[in-house]
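Notes follow once the structure below has been shown.
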Amino acid sequence: MGLINSTQLKIKEAQIIMLGLDSSGKSTLLYKLKCNEVFLTEPTVGFNVEMIKTSKDMTLTIWDVGGQQKMRTAWDNYLEDTDCLVYVVDSSDKRHLEESKKELELILRHDSIKNVPVVVLANKQDLPGALSAEEVTEKLNMKKQCQNQNWSGKQWISKGCRPSTPLAT
Ligand SMILES: Nc1nc2c(ncn2[C@@H]2O[C@H](COP(=O)(O)OP(=O)(O)O)[C@@H](O)[C@H]2O)c(=O)[nH]1
Ligand SMILES: [Mg+2]
């Protein structure tokens, strides 16, 4: 049996946590990634988790945690040991952007998240009036959030998406 190099193991597997307000589209994205199909979803009670093999032979374990207000207190429990945070925003729901921003602020204060990359997904780009990825990250004040946390070198990416188009893994 060959020796397993822990560095190799580390890059072959990643834990990803997907958070965001309810109805931002997390479960739709999860099942699009898993099955390449758009399913009708129900509000998530608790969480969904799927393991997804990528074309680069990596295994991603993606946690999709319910975003309803009463479930947000449990988000902290999922932040330990995560390799990446994907924060999903409904770009067409301007009424809830401020709430989404506040929730993201709370998450980013968490110690476990300090050294992990953050991806902001500006979802629902197909809907009329949806803000662009740049506008969403501006509204979420990402630059300032990184400065507040003394994360000048922190990497964050913003990406517009809609699950009806193929998502590359
Ligand atoms: N138009 C549009 N609707 C979407 C998109 N993504 C998700 N939805 C819809 O938004 C609603 C909530 O999606 P869901 O994945 O359950 O959100 P979650 O609560 O964040 O898991 C569902 O009716 C989805 O069909 C999108 O990109 N465009
Ligand atoms: Mg859901």
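Cβ coordinates come from backbone N, Cα and C, glycine included.
Per TrEMBL, these features apply:
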BINDING   G20, L21, D22, S23, S24, G25, K26, S27, G67, N123, K124, Q125, D126  GTP binding site
BINDING   S27, T44  Mg(2+) binding site
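Taking the Cβ of S24 (GTP binding site) as centre and 10 Å as the limit, one finds 24 other Cβ atoms among all the protein chains shown. Residues G20, L21, D22, S23, S24, G25, K26, S27, G67, N123, K124, Q125, D126, recorded as contacting GTP, have a largest CA-CA distance of 22 Å.
Of all Cβ atoms in the shown protein chains, 24 besides its own fall within 10 Å of the Cβ of G20 (GTP binding site). Across the structure, K26 (GTP binding site) and T44 (Mg(2+) binding site) are spaced 9 Å apart at their Cα atoms. On its own chain, G67 (GTP binding site) has L19, G20, L21, D22, S23, S24, K26, T44 as residues at least 6 apart in sequence with a Cβ closer than 8 Å to its own Cβ. In this structure, S27 (Mg(2+) binding site) is part of a helix by DSSP.
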